[in-house]
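A.B. asks: Take a look at this one; I'll ask things after.
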Amino acid sequence: MTNFTLRSEKWCKIPQYSISKSHHHHHKLQSSRLHLFSLNPNSKLRIRSERGSGVKTGLRVSESDKTKSISPSSSGEEIQLVGDDNKNGGGSGGDEGLHLKWPPWKDLPLRYKLIGTTSLAFVICNMDKVNLSIAIIPMSHQFGWNSSTAGLVQSSFFWGYALSQLPGGWLAKLFGGRKVLEVGVLMWSLATICVPFAAGFMPALVLSRILVGIGEGVSPSAATDLIARSIPIEERSRAVAFVFGGLSVGSVAGLILAPPLIQTYGWESVFYLFGFFGVVWCFGFQFIEGQSAFAVENITRTPQSIASGPVTSNSSTKSWKDVGSSLKDVPWKSFFKSEAVWAMTYAHFCGSWGHYTCLSWLPTYFSEELDLNLTEAAWVSVLPPLASILVTSVASQVADNLISSGVETTTVRKICQTIAFLSPALCMTLSSVDLGLPPWEVVAILTSGLALSSFALSGLYCTHQDISPEYASILLGITNTVGAVPGIVGVALTGYLLDSTHSWSMSLFAPSIFFYLTGTAVWLRYASSKPQKFSKSD
């Protein structure tokens with residue numbers, strides 16, 4: 001008996017088969033056919049004999065654009081088909097299973113690769129966002145800024161963030177989330193590197209932070225577009241949690257790395273290093289995207305699409321001539337007639353008020369109110385996002401399991417978002433009342449509340465995809481535009497109130513508690529995750 005190995009270059013993963021036939025079953029195997037689905041039109045098949053050389057005759061290969069069909073020969077040999085690629089450890093012979101695959105994620109489904117790289121981009125995103133919240137302390141001392149000026153510098157990021165939300169959502173729908181994400185990461189990374197050069201001149205510093213905000217502002221809509229196109233609803237909570245959970249990881253990484261870097265190399269170092277990380281990500285994403293581009297655009301017509309989800313891409317089919325007409329085709333009026341959209345918008349505003357003001361001012365609060373030094377304040381500030389990582393993984397799993405077991409999606413989203421609002425409201429109330437608690441107990445209370453606010457990733461942040469996968473990126477652009485307003489108004493207002501009242505309870509906690517409570521009431525009354533048909537005729 002002769003053994004043959006059929007090797008494929010740049011084909012989709014092919015499980016190992018053994019097709020044997022004997023003279024007794026000749027008539028049954030004569031019509032056997034094996035279908036291989038290529039993700040690359042230039043793929044080649046190599047048929048190698050383990051005894052002798054050359055290509056074995058008697059095999060019929062029918063050519064088509066995406067399918068290779070091989071029929072076994074009639075001479076009684078055994079044919080082994082092994083998916084392999086010589087470039088990745090295949091060597092000169094034998095079974096693929098005997099060799100180490102590199103890179104390890106080579107055979108992961110495409111949707112996992114896209115979600116993983118997007119989550120990594122969000123890690124870098126928040127590293128570049130929180131670096132200023134630590135660096136603002138030595139910068140204020142160096143340049144003589146008061147709290148109002150420091151609040152202005154920190155809030156300037158959100159000017160660009162707010163301005164880019166709707167354009168980001170629209171561009172993500174038009175050209176695809178991958179391209180928009182790539183451009184956004186490159187923009188905010190280069191702008192971050194420029195911050196030290198602009199720090200001595202306030203208009204230039206503000207402009208640099210606005211550019212950082214614009215780059216980071218298009219990223220949530222780009223990620224939402226990727227998730228809506230590629231992830232089925234029973235996996236959506238986990239996908240959203242994994243991607244947006246990268247923000248918490250980025251906060252932890254930034255708050256851990258920033259203090260020693262500042263103390264050793266100066267505050268400028270955090271902007272140089274964190275910006276460099278984003279540039280490296282862009283180069284790496286180019287390589288991964290180049291490998292995946294053909295599969296993303298063509299996978300919807302192959303059997304792999306069943307396993308990989310409805311990934312589509314329209315970035316290569318659009319030209320700038322389509323931009324104007326595409327913008328007119330968006331059913332803007334229909335969006336604002338929906339109570340669910342208004343509920344999402346207000347909930348986004350309320351959640352962002354508490355999140356952005358705490359993200360910007362907690363290190364200063366821990367330093368000035370609790371008398372912690374720079375390193376201690378930074379380490380304590382790590383605790384809320386660190387705890388959020390754990391809460392996010394639990395919340396997303398629970399939400400997906402509830403939906404899979406038959407609980408109505410709207411009910412699940414309402415429960416998760418209510419937890420996300422009431423928990424920090426309660427903990428901020430306890431922290432703002434003078435109960436004579438030691439500093440570490442106050443830290444523990446705030447950490448618990450802010451960590452539980454991560455339930456929003458399985459509540460509010462999933463509803464955009466739930467009600468309309470087609471317009472999910474634009475809907476997030478709408479709600480995130482309003483959600484960026486607290487970054488502009490709330491962060492600056494906190495600094496102003498702090499200078500006026502000298503009370504952290506009145507300046508930081510009281511406004512957040514108000515919005516958490518009213519946001520809960522609106523969400524429970526009007527929120528919905530039922531799919532909606534948005535039409536221009538409405």
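In case you wondered, yes, glycine gets a Cβ from its N, Cα and C as well.
The region 'Disordered' feature in TrEMBL is assigned to 48-98. As annotated by TrEMBL, domain 'Major facilitator superfamily (MFS) profile' applies to 114-530. Residues or ranges marked as transmembrane segment in TrEMBL: 183-207, 239-258, 270-288, 419-437, 443-462, 474-498, 504-526.
Describe the structural context of each listed feature in the structure shown, including burial, neighbouring residues and relevant distances.
C.D. replies: When Cβ-Cβ distances below 8 Å are used as the criterion, the transmembrane segment (183-207) is approached by residues 121, 124-125, 128, 131-132, 139, 143, 152-153, 156, 168, 213-219, 222, 267-268, 271-272, 274-279, 281-282, 285 of the same chain, each at least six residues removed from its ends.
Within its own chain, the transmembrane segment (270-288) has Cβ neighbours under 8 Å at 113, 117, 120-121, 124, 127-128, 131, 134-135, 181-182, 185-186, 188-193, 195-196, 254, 257-258, 261-262, counting only residues six or more beyond its boundaries.
Residues 147-152, 154-155, 157-159, 161-162, 165-170, 172-173, 217, 220-221, 224, 330, 335, 341, 344-349, 351-353, 356-357, 360-361, 460, 464, 467-468, 504, 506-508, 511, 515 of the same chain sit 6 or more residues outside the transmembrane segment (474-498) yet have a Cβ under 8 Å from a Cβ within it.
Distant neighbours of the transmembrane segment (504-526): 339-340, 342-343, 346-347, 349-351, 353-354, 357-358, 361, 365, 369, 414, 417-418, 421-422, 424-425, 428-429, 431-433, 459-460, 486, 490, 493-495, 497-498; these residues of the same chain sit at least 6 beyond its ends, with a Cβ under 8 Å from one of its Cβ atoms.
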A.B. asks: If we skip the immediate neighbours and take only residues 6+ beyond the ends of the transmembrane segment (443-462), which ones have a Cβ under 8 Å from one of its Cβ atoms?
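C.D. replies: Beyond its ends, the transmembrane segment (443-462) has Cβ neighbours at 236-237, 240-241, 244-245, 248, 344, 347-348, 351, 354-355, 358, 362, 366, 370, 380, 383-385, 387-388, 390-392, 395-396, 398-399, 412-421, 423-428, 430-431, 437, 479, 523, 529.
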A.B. asks: Can you tell me which parts of the same chain pack against the transmembrane segment (419-437), counting only residues 6+ beyond its ends and a CB-CB cutoff under 8 A?
C.D. replies: 347, 350-351, 354, 395, 445-446, 448-450, 452-456, 459-460, 504-505, 509-510, 512-513, 516-517, 519-520, 523
